[in-house]
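What follows is a set of notes on a single structure, which appears directly below.
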Amino acid sequence: MQSVLVLDFGSQYTQLIARRIRELGIYSEILPYSTTPETIREHNPRAIILSGGPTSVYGDSAILPHPGIFSLGLPILGICYGLQAIANHFGGAVESSSKQEFGRAKILVDRSADHESLLFEGFPDSDVWMSHGDKVTRMPEGFRVTASSGNSEMCAIESYGSKAALKIYGLQFHPEVQHSLYGKQLLGNFLLNIAGITPDWSSKSFIDHQIEDIRERAGNNTVICGISGGVDSTVAAVLVSKAIGKQLHCVFVDNGLLRKNEAEKVMQFLKPLGLKVTLADSRDLFLTRLKGVASPEKKRKIIGRTFIRVFEEHIHEEKFLVQGTLYPDVIESVSVKGPSETIKSHHNVGGLPKRMKLKLIEPLRELFKDEVRAVGRELGIAEDILMRHPFPGPGLAVRVLGSVNPERVEILQNADEIFIEELKSSGLYQQVWQAFSVLLPVQSVGVMGDKRTYENVLALRAVESTDGMTADWAHLPHDFLAKVSNRIINEVRGINRVAYDISSKPPATIEWE
């Protein structure tokens with residue numbers, strides 16, 4: 001399989017570069033900016049892309065690529081900081097710009113006969129997305145300018161003349177961002193026409209490769225998978241099942257913190273998928289251990305430890321554990337930015353493999369979320385399952401703020417069911433990335449039936465996003481919100497006030513806890 005390496009210098013858009021490449025049918029991987037030529041050779045890519053980054057190539061904190069990558073004979077495209085790293089390496093000059101460029105900008109491509117560029121073939125003068133405070137002020141020897149903007153005379157450069165064979169290109173703007181109107185076409189020109197890559201990455205080719213790999217790794221051993229009914233674990237389980245059939249044993253843990261009637265619904269929709277699933281009813285155990293606990297971090301840790309205990313009871317002869325790890329999780333562990341500050345503990349079965357001496361099978365670790373759904377469709381999984389909104393591992397324990405008890409969980413389940421039901425009936429469910437209700441640890445005064453009430457406050461949350469890394473609050477119609485609020489207050493005993501969360505991520509997170 002032909003591939004492209006993206007070297008990460010810390011740009012917020014690095015994952016977007018990799019995704020745009022895959023949309024062209026080409027497999028891409030993200031590695032740290034410091035990756036050595038030897039490691040690059042092991043990956044055997046057909047091209048390299050240098051991402052943007054937040055530092056300056058001339059500063060004390062400059063992060064620069066290994067100089068040996070420019071001698072590998074591979075086509076290289078530098079984006080924003082990547083362009084500046086190229087100019088710096090080949091003897092050009094990069095300086096702070098007196099006039100920064102952030103947002104949309106118009107670029108002009110040099111179309112004179114002696115400047116005709118393969119990179120800009122079929123690319124009209126158009127708006128692109130800029131995000132830089134530095135710019136190239138002196139062209140390195142053996143390079144030429146192919147495009148300019150109002151603030152950057154050297155908005156695009158490429159090797160030519162004696163260096164033409166190097167096939168090194170640089171762009172000051174971000175072709176991977178949707179605001180760069182013809183950016184994807186430009187990436188296609190680089191990868192297909194200049195690097196000569198033949199697209200061979202697809203959901204089907206991925207599935208075929210994974211099935212072969214899973215069979216080889218698992219052999220005749222049995223495999224266990226914790227399945228939640230979410231997109232990732234369901235697709236992972238079905239993919240492994242396609243490879244090894246009845247050797248796979250799935251366990252669904254009902255912790256009493258799921259959506260209303262979730263356990264029954266999940267077991268029902270898993271039936272047609274041909275999976276062998278055991279339902280572990282552990283509602284009382286989880287809720288007992290959470291009694292009186294208000295700290296969200298403590299709740300997460302209790303749920304994580306309890307999940308491991310329950311899961312252990314179902315491990316017998318299994319040698320492998322299936323996990324639904326996705327590519328963003330893998331990227332985070334090797335990113336230029338290093339380990340991120342822990343905002344919340346992640347609830348997963350990460351403690352199981354080492355503790356139980358289980359080997360991992362992570363069939364989705366090369367995929368982004370949208371690719372997981374595409375693989376699910378190829379596997380024949382129903383759209384209702386694939387398009388379910390994300391649900392936190394600790395479940396409603398982090399949506400019932402404060403201490404958790406069965407009564408408060410039931411109130412939240414009933415309210416959330418109304419919210420989701422109305423979103424679906426109004427055709428709004430698929431228009432938002434995620435929607436849910438939060439039961440707040442406060443009460444408010446109200447009047448119902450001429451009587452004073454003092455009951456719970458509920459918050460509704462709906463966000464729009466592509467990957468959950470950033471999100472904007474969904475601008476749901478006011479009449480829709482009024483209908484949902486009215487139904488909840490009238491139909492759910494214990495709630496007399498409904499609020500709508502209009503916070504974006506950042507600065508807020510999507511979940512409240």
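Each Cβ is built from the backbone N, Cα and C atoms, and glycine gets one as well.
Summarising the annotation, Swiss-Prot assigns domain 'Glutamine amidotransferase type-1' to 3-200 and lists sequence analysis as the type of evidence. The active site, nucleophile annotation in Swiss-Prot covers Cys80 and is backed by sequence analysis. Residues or ranges marked as active site in Swiss-Prot (evidence: sequence analysis): His174, Glu176. Per Swiss-Prot, the feature domain 'GMPS ATP-PPase' maps to 201-388; the stated evidence is sequence analysis. Sequence annotations record features per position, and here Swiss-Prot assigns ATP binding site to Ser228, Gly229, Gly230, Val231, Asp232, Ser233, Thr234.
Structural mapping of features recorded in Swiss-Prot.
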residue	record	contacts (Cβ under 8 Å, 6+ apart)
His174	active site	Tyr13, Gly52, Ile79, Cys80, Val128, Trp129, Met130, Ser131, Ser180, Gly183
Glu176	active site	Tyr13, Leu16, Ile17, Arg19, Arg20, Ile79, Gly183, Leu187
Ser228	ATP binding site	Thr234, Phe252, Val266, Phe391, Gly393
Gly229	ATP binding site	Phe252, Glu262, Lys265, Val266, Phe269, Leu270, Ile385, Arg388
Gly230	ATP binding site	Gly324, Arg388, Pro390, Phe391
Val231	ATP binding site	Lys369, Val372, Arg373, Gly376, Ile385, Leu386, Arg388, Pro390
Asp232	ATP binding site	Gly324, Leu326, Leu364, Val372
Ser233	ATP binding site	Cys225, Gly226, Ile227, Gly324
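By the criterion of other Cβ atoms within 10 Å of the residue's own Cβ, the least surrounded of the recorded positions Cys80, Thr234 is Cys80.
Taking the centre of the Cβ atoms of Ser228, Gly229, Gly230, Val231, Asp232, Ser233, Thr234 as the ATP site, the nearby residues of that chain (Cβ within 8 Å, site residues left out) are Ile227, Val235, Ala236, Gly324, Arg388.
Secondary structure at Cys80 (active site, nucleophile), as computed by DSSP, is coil.
According to DSSP, Asp232 (ATP binding site) is assigned to a helical segment.
Confidence over the domain 'Glutamine amidotransferase type-1' (3-200), given as mean pLDDT on the 0 to 100 scale, stands at 89.
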